[in-house]
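Undergrad: Pulled from TrEMBL, these are the listed features:
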type     : residues  : note
DOMAIN   : B:80-130  : domain 'NADH-Ubiquinone oxidoreductase (complex I) chain 5 N-terminal'
DOMAIN   : B:147-359 : domain 'NADH:quinone oxidoreductase/Mrp antiporter transmembrane'
TRANSMEM : B:12-32   : transmembrane segment
TRANSMEM : B:52-71   : transmembrane segment
TRANSMEM : B:91-113  : transmembrane segment
TRANSMEM : B:125-144 : transmembrane segment
TRANSMEM : B:150-168 : transmembrane segment
TRANSMEM : B:180-206 : transmembrane segment
TRANSMEM : B:257-275 : transmembrane segment
TRANSMEM : B:287-308 : transmembrane segment
TRANSMEM : B:315-335 : transmembrane segment
Amino acid sequence: MLKLLVFMPVLGACLLAVFPGRGQQSLWRLALGFALASLLLTVLLAWSFDPLGEAVQMYESRAWNARLGSYFALGIDGISLAMVMLTAFLSLVAVLVSRNMPGSGRLYFALLFLLQSAMFGVFTARDWSLFYVFWEATLIPLFFMIDRLGGENRQRAALNFFLYTLGGSVFMLVALLFLYDAAPGHSFAMNDMAEGGRALPQNMQLLIFAGLFIGFAVKMPIVPLHGWLPLAHVEAPSPVSILLSGVLLKMGAYGLLRAAETLPAAFVAVQGWLAMLALLSLLYGALLAWRQQDLKSMVAYSSISHMGVVLLGIASLNLNGVTGAVLQMVAHGLAAALLFLVVGLLYRRTHSRDLADYDGLLGRAPRFAFFIAFGLLAAIGLPASAGFIAELHVLVGAYQRWGFWVVALGIAMLVGAAYGLRVIGHLHRPAAPTVQLHDMTRTETTAAALLAGAIVALGVWPMPLLDLVGSSTARIAALFAGG
Amino acid sequence: MIEELRDVADWVWLVPALPLLAALTTGARVLLGRAAGDAGERLTARLTELAALTALLLLVLIDLAVIWHGWPGQKIVGTWFAAAHWQGRISFLLDALSLPVATLTALIGWLVVRFSATYLHRESGFQRYFIVLAMFLGGIQAVLLSGNGLLLFLGWEMCGIASFLLIAHAWQRPVATGNALFAFVTNRAGDAGLLFSLGLAAYWVGSFEWPALLAASLPLVDLRVLVLGFAVAALAKSAQLPFTPWIARALEGPTPSSAIFYGSVMVHAGVFLLLRLEPLLFHLPDVLAGLLLIGTLTAVYAWLCGLVQTDVKSALIYATVFQVSLMLVAIGLGWTTLATIHLCLHAAWRSWQFLLAPSWLQLTRDRPAPPPAWLVGRQAIYTAALQRLWLDKLGVTLLAGPTTAIARDVRALEESFIDRAIGEPGKGRSIDPERPLVCADGLPGRLLAALSLLLQRIENRLLLRGRGGAAERMLREAGRWLQTLEALLEQPRYLMMAVMATFVVIL
C-alpha cells in the first residue's frame with residue numbers, strides 16, 4: 001500500500017507527460033484525479049492505522065543493496081502518517097489552484113507529481129539511504145518549477161535554493177555515512193541505525209548530529225541558515241509556494257524528529273542551544289516579517305518564525321513539546337498554505353505584492369479579503385484555529401523545561417499579531433476605486449475553503465490528530481524521560 | 001397515558017431551549033434577509049408563539065405527571081463543562097416551588113407573545129422585539145427551573161440583557177437608551193452579588209447544585225456571607241430599596257414587554273431566588289430581619305410614591321413594587337408558602353392590568369383620583385413623594401459623580417502619558433521611506449523598528465540576497481577564480497601538467 005502511495009504519483013506524472021489531450025482543462029482534470037486518488041489512499045491508510053498499535057506499521061522491507069546494507073524499507077508511524085496526509089491534502093489544494101496556470105501545464109503537473117512522490121517517500125522511508133534519496137529527489141522538480149515558472153528573479157532564486165539545500169544535504173550525507181560507519185550493524189535501516197546510534201559515545205553522537213542538523217536546519221529553516229527561503233518563496237509560483245512552505249519545510253522538522261530517535265545523547269547535550277536557536281528564529285522571523293510591505297515576503301518571514309515554534313517544541317524533548325511541534329507542523333502547513341494561496345492568486349491577477357495596492361480589498365474582492373484575514377489570524381494561532389492548539393502544547397512543553405524563557409514565544413506572537421492586524425486593517429480601509437479585480441473563482445474558493453475548514457476543524461476538535469500522533473510522540477518523549 | 005407521562009420530566013430542558021431556538025431562528029432569518037414584510041412578521045410571531053405554547057404544554061404535562069408519579073426532583077440532563085471536581089451541569093430542579101411558578105410564567109409568556117403580535121404589528125423593530133422576547137422567555141425559564149446556581153445565573157443574565165434591549169427598544173430616543181443603561185447598570189450590582197455568592201459556593205461547598213448547596217453545613221458566618229450575596233441579587237432584581245429607582249425608568253419599552261418583565265415575571269425573580277434559598281435563610285434570623293426591614297421600607301416608599309403618580313404605567317409599577325415588598329415582608333416573617341401564593345396571584349393579576357394599560361383611557365372616562373387630602377396638606381411629604389425621595393439624584397451624586405471624576409482623571413493620565421508611551425493605532429510614523437505602510441508609534445513600536453532595522457541589515461549583508469550581499473560577493477569572487485583555473489586547465493600545457501601531477505601522486 002505504501003509502495004502504491006509513493007509510486008502512484010510517478011505514474012501520474014508519466015501519464016500527464018504523454019497525455020494526448022491538448023487543452024489545459026483536460027490535463028487539469030487528470031491531475032485532479034490523481035491528487036484525489038492520493039488523498040483517498042492516505043485516508044485509507046489512516047483508516048487501517050492503529051494509533052495504539054506498534055510503533056511502525058505497514059512496514060515492508062526489501063534488500064536494495066545488500067552488500068552496503070541498504071534497504072528499500074517503507075513504514076509509517078503517527079507522525080509520518082500526519083505528514084503524509086498533510087502532503088496529500090496540500091497537493092490537492094495545489095492542483096486545485098493551478099487550474100488556470102499560465103504557460104506549460106504539462107511540465108508543471110508532471111513535476112508536481114514527481115515532487116509529491118518524493119515527499120511521500122521522505123515521510124514513509126524507514127531507511128536512511130532511501131530517505132536521503134527521496135530528500136534529494138524533491139530538489140529536482142522544485143528547482144525546475146521555480147526556475148521555469150517563477151517570478152522576475154526566478155533563476156537566481158532557484159539556484160540559490162538549490163545550492164543552499166544541496167549544501168545542507170551534503171553535510172547530512174556525510175553525517176549519515178559517519179553514522180553508518182560508526183554503528184556496528186553496518187546497515188542503513190532506521191531501526192538498526194537508531195540502535196547503533198544510541199550506543200555511540202556522546203562526542204561521536206554530537207559530531208554526527210552536527211552534520212544532520214545542518215542538513216535539516218537549512219530545510220526547516222532555522223536562522224541563520226534561512227537565506228534561501230525568502231527569495232524562493234517570493235519567486236516561486238503560488239502552488240509551489242504552498243507545497244514549499246506547507247510540506248517541504250516540515251521535512252526538516254520531521255528529519256530532526258527521526259534524528260532525535262537515533263542520537264538521544266546528542267540532543268540532550270545541545271538542548272539549550274536548540275532552544276536558543278528556536279527563540280532566535282522566532283523573533284528574527286517575526287521582526288523581519290513585521291518590516292515587510294511586500295505581502296509574500298511577509299508571509300515567508302513569518303514562516304521562519306513559525307518553524308521556530310516547531311524547533312522549540314522539539315527542543316523541549318517532553319511529550320507536550322514534541323506533540324506540539326508535530327501539531328504546529330500540521331497547523332503551519334495549513335495556515336501558510338492558505339496565505340500563500342491567496343497572496344499568490346492576488347499576485348497573478350494584479351502583478352503586485354505591495355500591501356499599498358490592496359487598500360480596500362474588502363470592497364473589491366471580499367473573498368480574497370476574507371481568506372487573507374482568516375489566514376493571518378490562523379497563523380497567529382487564534383483560539384479555534386489549529387495553530388492555537390499547537391502553540392499551547394509547545395508553550396506548556398517549553399515552560400516545563402525552561403520556565404519564563406518562553407516569554408520570547410509570546411513576544412514573537414505579539415509581533416505576529418501586529419503585522420497580521422496591520423494587513424487586515426489595510427484590507428478594510430476605504431480606498432479610491434481603482435482597477436477592477438476579479439474575485440476568487442469557484443475552484444479557488446473551494447481550495448481556500450478546504451484549508452480554512454481543516455484549520456477550524458482541527459482547532460475545535462483536535463482529538464483525532466492528537467490520538468494519531470500521541471503514541472508516536474510519547475515514544476520519542478520516553479527516550480528522554482530519564483534525562 | 002399515565003404510564004407514558006412517567007418520563008416526561010426528562011424533556012424539561014426543552015422548556016428553556018425552545019424559545020431560545022425560536023430566537024435563533026428568527027435571528028438567522030433576519031440576518032439572511034428573509035424576514036421582511038407582513039409575511040415575515042406572521043412567521044416570526046407564529047414561531048415564537050409555537051415555542052411558548054409548546055413550553056407551556058410540556059410544563060402542564062409535567063404537572064400532570066406530578067399528580068400521578070410524584071415530584072421528579074433534580075433532573076440532570078448533561079454536563080456543560082467540567083474542570084477537576086467542579087462540574088457545570090445542566091440540571092433542573094422540579095419541585096413545589098419551581099413547577100407552579102414556571103407553569104404560570106409559561107402561560108403569561110404565551111399570552112404576551114400573542115398580545116405582542118398585534119400590538120407591534122408593522123412597527124419598526126418587530127423582529128428585534130420578538131427575538132429579545134423569545135430570549136427572555138428562555139432565560140426566565142432557566143432561572144425558574146434551574147437545578148443549580150450556574151444555570152440560574154445564565155438565565156438571570158439573559159433576562160438582564162433582554163430587559164436592557166427592550167427598554168432601549170426605541171433606541172432613537174436618548175431618554176430610552178439612558179434609562180436602559182441605568183436599569184442595566186443597577187442590575188449589574190445585583191449580578192455582582194450573585195456571582196460573588198456562586199464563587200463562594202464553588203469554593204466552600206464545591207458544587208453549584210441546589211440540593212447540595214441547600215444542604216450544606218457551613219459555619220454561620222460563612223453562610224451569612226453566602227446568603228447576603230444572593231440577597232443583594234434578589235433585592236436588585238425585585239427592585240427593593242435601595243435599588244428601586246431603576247424599575248420606574250424601565251417602563252420605556254413597549255407595553256407588553258413591561259407587562260411581562262416588570263409587571264409580572266422578572267420582578268418576581270428576586271423573590272423566587274429567596275424562596276429557593278428558604279432552607280438557608282431559616283438558619284439566619286438576622287438576615288430574615290433585614291429582609292423584613294427592607295420590605296417594610298420599600299412598601300412605605302412605593303405606597304407613598306404611588307399616591308402621586310399621574311400616568312397609568314407608573315402607578316401600576318409602584319403598586320407592583322408595593323406588592324413585591326409585601327412578599328419580602330412575608331419571607332422575612334417566615335411565611336414562605338404565603339409568599340409563593342402571593343407571587344403567583346400577583347403575577348397573574350398584574351400582567352392582565354399591564355396589558356390593559358394602553359386602553360385604560362377608553363375603559364375609564366374619569367379623571368384619575370387626586371392624591372389624598374392629608375398628603376396635599378403636608379407640603380414636605382408631598383414633595384418628597386413627587387421627587388421619589390430623591391433616590392435617583394442621590395445615586396447620581398454619590399456614585400455616578402465620583403466615578404465620572406475618577407474616569408476623567410484616568411483618561412487625562414492615559415492621554416498625556418500612557419498612550420504616548422504605548423503608542424496609538426493610526427498615529428505611527430513610517431519607519432522607512434520605501435515602506436510607507438509599515439508604521440510604528442510609542443516605545444515598543446520604536447524598539448521594534450530599531451530591532452528590525454538591525455536585523456534587516458544583518459539579513460542584507462550576510463545572506464545570499466541581492467543588493468551586493470557580502471556572501472554573494474565572496475561567492476562571485478570564488479567563481480571567478482574557479483573560472484580562471486578552468487580556463488587555464490583547458491590549455492594543453494596545464495592539462496598535461498595536471499595529468500602528470502596526478503600520475504606523480506598515484507605513483
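In case you wondered, yes, glycine gets a Cβ from its N, Cα and C as well.
Walk me through the surroundings of each of these features.
TA: Only residues 6 or more beyond the boundaries of the transmembrane segment (B:12-32), in the same chain, are considered here, and those with a CB under 8 A from a CB of the stretch are 40, 43-44, 47-48, 50-52, 54-55, 58-59, 62, 72, 75, 77, 90, 92, 94, 102, 106, 109, 127-128, 130-132, 134-135, 137-139, 141-142, 145, 155.
Only residues 6 or more beyond the boundaries of the transmembrane segment (B:52-71), in the same chain, are considered here, and those with a CB under 8 A from a CB of the stretch are 2, 5-6, 8-9, 11-12, 14-16, 18-19, 94-96, 99-100, 102-103, 106-107, 109-110, 113, 134, 137, 141.
A Cβ distance under 8 Å defines the sequence-distant neighbours of the transmembrane segment (B:91-113), meaning residues of its chain 6+ beyond its ends; these are 9, 12-13, 15, 19, 45, 48-49, 52-53, 55-56, 59-60, 62-63, 66, 71-77, 130, 133, 137, 140-141, 144-148, 151, 209-211, 256-257, 259-260, 264-265, 268, 272, 275-276, 340, 343-344, 347-348, 351, 355.
Through the fold, the transmembrane segment (B:125-144) approaches residues 15-20, 22-23, 26-27, 29-30, 35, 40-41, 44-45, 48, 51-52, 55, 98, 101-102, 105-106, 109, 112-113, 116, 151-152, 154-159, 161-163, 165-166, 169-170, 254, 257, 260-261, 265-266, 269, 272-273 of its own chain, all at least 6 residues removed from its boundaries and within a Cβ separation under 8 Å.
Here the transmembrane segment (B:150-168) has long-range neighbours at 16, 80, 88-92, 128-129, 132-133, 135-136, 138-144, 176-177, 179-181, 183-184, 187-188, 191, 194-195, 198, 208, 233, 237, 249-250, 252-254, 257, 261, 266, 269, 273, meaning same-chain residues at least 6 beyond its ends whose C-beta is under 8 angstroms from one of its own.
Same-chain residues lying 6 or more positions outside the transmembrane segment (B:180-206) and placing a CB less than 8 Å from one of its CB atoms are 85-86, 149-150, 153, 156-157, 160, 163-165, 167-168, 212-213, 216, 218, 222, 225-237, 243, 245-247, 249-250, 252, 270.
Note on the transmembrane segment (B:257-275): residues 97, 101, 105, 108-109, 112, 115-116, 129, 132-133, 136, 140, 143-144, 152, 156, 159, 162-163, 166, 169, 190, 230-231, 233-240, 247, 250-251, 281, 291, 313, 316-317, 320-321, 324, 327-328, 331, 336, 339-340, 343, 346-348, 350-351, 353-355, 357 of its chain, located 6 or more positions outside it, place their CB under 8 angstroms from a CB of the stretch.
Same-chain neighbours of the transmembrane segment (B:287-308): 224, 227-228, 231, 235, 240-241, 244, 274, 281, 315, 318-319, 321-322, 324-329, 331-334, 371-372, 375, 381-382, 384-386, 388-389, counting only residues six or more beyond its ends whose CB sits under 8 Å from a CB of the stretch.
Under 8 Å from some Cβ of the transmembrane segment (B:315-335) lie the Cβ atoms of residues 238-240, 244, 247-248, 251, 258, 262-263, 267-268, 270-271, 274-275, 278, 281-282, 288-296, 298-299, 301-303, 305-306, 309, 342-343, 346, 350, 353-354, 357, 368, all in the same chain and six or more residues away from its ends.
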Undergrad: Treating G and I as helix alongside H, and B as strand alongside E, what does DSSP give for the domain 'NADH-Ubiquinone oxidoreductase (complex I) chain 5 N-terminal' (B:80-130) in helix, strand and coil?
TA: 27 helix, 13 strand, 11 coil
Undergrad: Averaging the per-residue pLDDT over the domain 'NADH-Ubiquinone oxidoreductase (complex I) chain 5 N-terminal' (B:80-130), what integer do you get?
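TA: When the pLDDT values over the domain 'NADH-Ubiquinone oxidoreductase (complex I) chain 5 N-terminal' (B:80-130) are averaged, the result is 87.
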